[in-house]
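**Student:** Handing you a structure now.
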Amino acid sequence: MVKFTADELRRIMDYKHNIRNMSVIAHVDHGKSTLTDSLVAAAGIIAQEVAGDVRMTDTRADEAERGITIKSTGISLYYEMTDESLKSFTGARDGNEYLINLIDSPGHVDFSSEVTAALRITDGALVVVDCIEGVCVQTETVLRQALGERIRPVLTVNKMDRCFLELQVDGEEAYQTFSRVIENANVIMATYEDPLLGDVQVYPEKGTVAFSAGLHGWAFTLTNFAKMYASKFGVVESKMMERLWGENFFDPATRKWSGKNTGSPTCKRGFVQFCYEPIKQIIATCMNDQKDKLWPMLAKLGVSMKNDEKELMGKPLMKRVMQTWLPASTALLEMMIFHLPSPHTAQRYRVENLYEGPLDDQYANAIRNCDPNGPLMLYVSKMIPASDKGRFFAFGRVFAGKVSTGMKVRIMGPNYIPGEKKDLYTKSVQRTVIWMGKRQETVEDVPCGNTVAMVGLDQFITKNATLTNEKEVDAHPIRAMKFSVSPVVRVAVQCKVASDLPKLVEGLKRLAKSDPMVVCTMEESGEHIVAGAGELHLEICLKDLQDDFMGGAEIIKSDPVVSFRETVCDRSTRTVMSKSPNKHNRLYMEARPMEEGLAEAIDDGRIGPRDDPKIRSKILAEEFGWDKDLAKKIWAFGPETTGPNMVVDMCKGVQYLNEIKDSVVAGFQWASKEGPLAEENMRGICFEVCDVVLHSDAIHRGGGQVIPTARRVIYASQITAKPRLLEPVYMVEIQAPEGALGGIYSVLNQKRGHVFEEMQRPGTPLYNIKAYLPVVESFGFSSQLRAATSGQAFPQCVFDHWEMMSSDPLEPGTQASVLVADIRKRKGLKEAMTPLSEFEDKL
């Protein structure tokens, strides 16, 4: 095998046509890490014999122990193509050597933020789908994320060995199963028609679908078989490819192809006849140890085995034979090289997704052309904890220019605004490193189009940042990432020994760096809160916190707490008025719920404060039935200027209105961050400023007078508009055999869940159940479910939506009012809610 050095890798890094940056994405347990192993083995990093069992990219102890991937891990692979195989390659290339930067990402939904970070710095994705389970919820979520980032997918149908060994399906049935899986994936991809990307769907007959068995380390695309038969029958390779998939049948008796099954017993579909049956035959021969038949068959295929390998029996024999005949690495790496874009191609169409500034300045042009001599543009997508405790590598991708050891860079954080000093640092890179699985190799410099890890920047980057070098023209940062899940589960942590407090504070800072999604905050009552995407995610984070970031100091954690949101379900019963502290200014306001779907549109970023007001008012008028003029009078969104609440100006001819606009908005940001019920964020409320009466002297209507008044009037208008609590709801997908359905339903009913879809997977005994489950009830759900179904059901929870609670929090004794009292008690507020009379004034 090739053992390559860092210098060789560095040489290929300059050939930007020969680089492929790709991530491996899939549903949990569909075999990503196992498949990645075969690729790593081909590059000579681990031995072929153990591939499939090592899971090289699961570098953490708890990953190996749980058998799941938690963090996304990068590896650089070197691969040399033969001239023969490159004959049909039409794109630009420099020589035969290729560099593949591969990132193995987690499939478990709690870690989907890791996937987002991986996707940002790659251009192509290998989507792994289990041939029997098919396209699952998480496959769909991740695929949509990838297409949203304009990443070109190729598909592999994995766990083929199950078809031959476990289920013993016959050819036609297998073909139907595979074609259904591919069709389901294409349905998702078809919704992303992008003129720049072209057609993103995958087709076996074009070579963009592979069939693999990660555990046994073999895989094929139809290209492999087409090549083999083309020389044998003397037909053109491309013609043979088309015949190996779809409605093409071959009858060996008459030696003719036809478009439909002629009904004769020997007539079979092309795929079955030429791909499926030969594999099935060889596997059967190996498993039955009929070696006298096996060697002549292999000789025909041109496969030679070493003498010691001929001694093997049963499964090990089959594994070696299949690996020698159809090595997974060759099939998959060739598919990536042929069908995934190089950085040079990809950055042309990705630049508008990546760059925030004008698309014609020098930085955008450097990204578009992937120019190594242009200005540096580098996006850090995550921080990786180094082996010496407390230090981090900044891991990211160079989009333009070069990054080298000792170079001075400008670090632009997520809140940086061009032309201002906020969130901007200048620092030099201590050294640049490339990642090769468990070890790192230091290199002098890394040119654009590659992934890189840097040492020495960890004090200045929290989660992600953009790096550029010093230039006269300020660069705009690269867009921040959008996560598909939100941190809704929180725990309070404290130290067992009070003297460990400084360790805890330091540890929380490091934890916030190491995970792209965790939010660590400190409440006013002084407790430290850690928020994550779900139970498993939090568990892993707290384990990291205790073992890695606090040096093993013990921590106590509270029961998990769920964030709620506050909303209203009706228009205010009357217009409420509040007076300023000096009694000279009066604000009149009403609250009303937003239209259906508007809050979600703001969350997704389709409507936001930075949009062009003309476009925004058009969307609001057409989709949500707003008045055209009203849509132009939105003052602000909140909380944090982008949240799903807004203030709209409904005043007619009021003097000095513009002077107090900023103060009202400031009061609104404050109020929408902590509502009157339990100081939780507001959601989906539209506040209308009806009238304002102001003092004529400017000194009596300053911010100190208006801001608290605005906050009080907002609270009063919310309380008069039938306030309600919103609770977060998971969508749970459960796969289970029919016998386990009863247990699933009973557990869901205890937990206030309800099933909204149940379907049987065609061709399998499994049922797919989708249900809604309130996050509050989800703790311990998976262990209860496994107990009730004796381990046959496997749940996946994804945050889905906010559900309004039907009970009224203002009436004592209802479920909502008990919840409000609990939250207030936990936050150290008075248990009784502040009455309306405190917020509303009489004339």
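We count from 1, first residue shown onward.
Note: Cβ is positioned from N, Cα and C throughout, glycine not excepted.
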**Student:** Swiss-Prot tags one of SER72, SER304, SER837 as phosphoserine; which one?
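**Tutor:** Swiss-Prot annotates phosphoserine at SER837; the rest carry no such entry.
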**Student:** What same-chain residues, at least 6 away in sequence, bring their CB to under 8 Å of the CB of MET160 (GTP binding site)?
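**Tutor:** When sequence neighbours closer than 6 are ignored, MET160 (GTP binding site) has CYS131, PHE211, SER212, ALA213, ALA219 within Cβ distance under 8 Å.
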**Student:** State which of the following binding-site residues has the fewest other Cβ atoms within 10 Å around its Cβ: ALA26, VAL28.
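**Tutor:** Comparing Cβ neighbour counts within 10 Å for the binding-site residues ALA26, VAL28 gives VAL28.
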**Student:** DSSP on SER837 (phosphoserine), three-state: which is it?
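**Tutor:** For SER837 (phosphoserine) - judged by DSSP and reduced to three states - the answer is helix.
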**Student:** What residue among the recorded positions ASN158, SER837 has the most other CB atoms lying within 10 A of its CB?
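**Tutor:** Comparing the recorded positions ASN158, SER837, the most crowded Cβ belongs to ASN158.
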**Student:** Could you state the CA-to-CA distance between ASN158 (GTP binding site) and HIS700 (diphthamide) to the nearest Å?
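**Tutor:** About 72 Å separates the two Cα atoms.
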**Student:** Since the record lists HIS30, LYS32, HIS700 as recorded positions, which of them has the fewest other Cβ atoms within 10 Å of its Cβ?
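**Tutor:** Across HIS30, LYS32, HIS700, these recorded positions, the one with fewest Cβ atoms within 10 Å is HIS700.
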